[in-house]
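> Next up is a structure, given as structure tokens.
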Amino acid sequence: MLSRSASLPWCIYPIHTEHDPSPLVCGGEQPCKHANRAGEMVGPGGVLAGFARLVLFICFLAGGARASPATDALRRVSPRAAGNGGLCEQLLLPQGYPCTEHTVQTDDGFLLSLQHIPRGKNGVEDNAGPPVFLQHGLFQGGDTWFINSNEQSLGYILADNGFDVWIGNVRGTHWSKGHSSLSVHDKLFWDWSWQDLAEYDILAMLSYVHTVTQSKILYVGHSQGTIMGLAAFTMPEIVKMIGSAALLCPISYLDHVSSSFVLRAVAMHLDQILVALGIHQLNFHSNTGVQILDYLCDDERLDCNNLLSSITGENCCFNSSRIDYYLEYEPHPSSTKNLRHLFQMIRKGSFAKYDYGWWGNLRRYGQLRPPPFELSSIPESLPMWMGYGGLDELADVTDVERTIKELRPTPELLYIGDYGHIDFIMSVKAKDDVYADLMRFLSAQQGMHSSY
């Protein structure tokens, strides 16, 4: 990499003003001037747009963005989850919880890891309660339900309160990096978005749990786990296996995302830059991933001293002293295509399948625009519960309310004004603030009595 002081003939810096969001083009000693946005000249997928964004990112790599304090820990901590042993061996068994590993194959060949916790730490017999399936969010894995203490982590709490706990891990995470014919180094291994996670991964994992337990499943999802869930529940073959659904920070629309970090990435077309550079895997434990974060944080308008808050908004009750431990497991990799699909949701205000452009959509869907996932097709009889927070800059209250209005079921709601996006799974107070009501809901669906 060139040093930051290296002389470059010219470069494009994504510096925006309030009235003119186009990038500034600077050349040597010449004054900067605003460039026309390439996407407006030839469309978002045009050659000129791709070239401009490619040059922008190459300039970043050559110039070397300042190392941000936000990424110091990522540089310092080696991911434990990428080492030997599965989730059971690394997290649950050492805590005294029974845990078994299971592998399922999706219809498109991905090998996914599931974990089963049949009883609590002090249980003698397997829990007779219904199966609860926990689905993690973006850049997370099944470990997210267990990396706080036994008294603070939802996975442990459910097992200790009589639930038969199953943990999902989508393709590309550290726990699910297998495929029947591809390796993680193949471009096609990363050719998927959350649409595929809903249509293939959720189907395969829930089908396995349903076959083993012969019981309807209580679905619990967080963040992207709710996007996947809501999309999957529109499919009759999946929703018939669901007994109830509890959604933490529910997302189907992203129109009102207010995270300055995310909006900067969307405005600079980070997704298209990565595609142009042939970067298909997003791994923020890699050198390239850390450089991307540094680049996004290299803006005086962003306060990346607390990277998590920069991305998700403030979290009232997150234990920041444990950040190094959390980083031993997270963030997990995801795909550039998945990021692009999420950015499409922000740009278009839609809850729809992946947009391949007019011709691509015609080939895949038989229509010019990607078909929407119709929330109104989720059966009215499906019991639902939603927990959301006033400080969440990803699952914005306005977008959550839109989701609620479009659903036929009337969800039970838990709103916590001072909770952010991560608080719902990692708050040190979540057991009392969130999980007590969540377990009351889950227990009521099957006539159980929660001991909590």
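Including glycine, each Cβ sits where the backbone N, Cα and C put it.
Reproduced below are the annotations present in TrEMBL:
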ACT_SITE  Ser223  active site, nucleophile
ACT_SITE  Asp392  active site, charge relay system
ACT_SITE  His421  active site, charge relay system
DOMAIN    90-148  domain 'Partial AB-hydrolase lipase'
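Tell me about the setting of these features in this model.
Mapped onto three states, the DSSP output places Ser223 (active site, nucleophile) in coil.
Taking Cβ-Cβ distances under 8 Å and a sequence gap of 6 or more within the same chain, the neighbours of Asp392 (active site, charge relay system) are Cys249, Thr312, Gly313, Tyr419, Gly420, His421.
DSSP classifies His421 (active site, charge relay system) as coil under the three-state reduction.
Residue counts for the domain 'Partial AB-hydrolase lipase' (90-148) under DSSP, helix first, then strand, then coil, are 10 helix, 19 strand, 30 coil.
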> Averaged over the whole of the domain 'Partial AB-hydrolase lipase' (90-148), what is the pLDDT?
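Across the residues of the domain 'Partial AB-hydrolase lipase' (90-148) the model's pLDDT averages 94 on the 0 to 100 scale.
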> What kind of secondary structure is Asp392 (active site, charge relay system) part of, going by DSSP in three states?
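In three-state terms, Asp392 (active site, charge relay system) counts as coil.
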> List every residue in the same chain as Ser223 (active site, nucleophile), at least 6 positions away in sequence, whose Cβ is under 8 Å from its Cβ.
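The answer is Gly137, Leu138, Gln140, Leu248, Cys249, Ile251, Leu394, Ala395, His421.
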